[in-house]
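Each remark here refers to the structure printed beneath this line.
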Amino acid sequence: INSICLLPSDGGVCRGRFTNYYYNSRTRRCETFRYGGCGGNANNFHTLRQCQATCYSS
């Protein structure tokens, strides 16, 4: 699995209200989380498809 996908969800430091996706390594699924718009880490995807393409093994 890509090491990015092992990072915890991180909403960042800004106060926006964006619904993005992250890979939850406990459930082994891409799930939604609230992203503030800046900061955070690389386990942060705009779409479910991007998350799945990066984190699901083929």
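Cβ atoms here come from the backbone N, Cα and C positions, even for glycine.
Counting residue by residue with DSSP, the domain 'BPTI/Kunitz inhibitor' (5-55) contains 10 helix, 15 strand, 26 coil. Taken from Swiss-Prot, the feature domain 'BPTI/Kunitz inhibitor' applies to 5-55, supported by sequence analysis.
Annotation source Swiss-Prot lists disulfide bond at Cys5-Cys55 (among others), citing sequence analysis.
Annotated disulfide bond per Swiss-Prot: Cys14-Cys38 (among others), in sequence order.
Neighbour density for Cys30 (disulfide bond): within 10 A of its CB lie 22 other CB atoms from the protein chains shown. For Cys30-Cys51 (among others), the entry in Swiss-Prot reads disulfide bond.
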Closest by Cα to Cys51 (disulfide bond), out of the disulfide-bonded residues Cys5, Cys14, Cys38, is Cys5
As a test of reading the model: what is the averaged pLDDT for the domain 'BPTI/Kunitz inhibitor' (5-55)? 98
